[in-house]
């Protein structure tokens, strides 16, 4: 049975959007496929692509921009599927901090970022808006961006809408302030990207492992698809099962984050070709990818039909923003139905 083992590294400690992975384990979906899974948590999220690329771990999770950069830096990894599609990502701040929708209001402020690519993104934006990197103070926060904003260690920081923004909203609610006082300058809008796909969370593989174990990867993805279908069909029941296994997530904050992640879960798991093209171009613009870089993703290990891509991605993003705001106000589980 040792040959059926897969080591899988999360992109951080267990979060609400890791639910398909853990339910595939607890509900026996991996076992049905003859797989013995070892699900690991990183000490440092910045090490994930290096550990997978060096072959110390077989598979794991990472955002699209990091997956692209990893291979460019000599860590051979490939995305084989999507977990969380295009979560809104941007510079988070609180109303009353002196920051406005004008990017130049960040001048003289302390801005937090998760890892080095966040710093590169902000530096590129400062040039675009007539500023210099010296016009702000960069603070590396890891995954503690919301915490640092709350504690006053930074004025703003890069985060995603369904995670760090919800954390800020919960803090505001406890202070008797409206949740809408948590604001975001979306990077896709600031950088004229047309999508938030650079932070799409992906299932990635070590290239050598993928080459030697194609059937094992197919089986893994079948189990993940079954778990994802289960989550999307009955999110409340799925959550109860998840927190029974991960009781540290049994709190209001995690549940609200889960509600906001719900619309972002990829139902098909397919890598979106248009998104990869855009983010590869963005990576070249940021100079983290060489001009001749070829995107490192594949859909060949997914054994069900590929859905059509949305015809108008900008309209889809606009509708998603409205949808997520409604979800925040109503606290419900809803998927966005896009017009044909």
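Placement of Cβ uses the backbone N, Cα and C atoms for every residue, glycine included.
Going by Swiss-Prot, these are the annotated features:
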type	residues	note
ACT_SITE	66	active site
BINDING	115, 116, 117, 118	pyridoxal 5'-phosphate binding site
MOD_RES	62	N6-(pyridoxal phosphate)lysine
MOTIF	195-199	motif 'CCCFC'
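Overlay of Swiss-Prot annotations on the structure.
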residue : record                              : Cβ neighbours (10 Å)
62      : N6-(pyridoxal phosphate)lysine      : 23
66      : active site                         : 25
115     : pyridoxal 5'-phosphate binding site : 19
116     : pyridoxal 5'-phosphate binding site : 13
117     : pyridoxal 5'-phosphate binding site : 20
118     : pyridoxal 5'-phosphate binding site : 23
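A Cα-Cα distance of 10 Å separates residue 115 (pyridoxal 5'-phosphate binding site) from residue 66 (active site). DSSP assigns residue 62 (N6-(pyridoxal phosphate)lysine) to a strand. Note: the CA-CA distance between residue 118 (pyridoxal 5'-phosphate binding site) and residue 66 (active site) rounds to 10 Å.
Apart from 115, 116, 117, 118, the pyridoxal 5'-phosphate site neighbourhood in this chain, defined by C-beta within 8 angstroms of the site C-beta centre, holds 46, 66, 113, 114, 119, 120, 121. Residue 117 (pyridoxal 5'-phosphate binding site) and the residue listed as 'N6-(pyridoxal phosphate)lysine' have their C-alpha atoms 13 Å apart, to the nearest angstrom.
Averaged across the motif 'CCCFC' (195-199), the predicted model reaches a pLDDT of 75.
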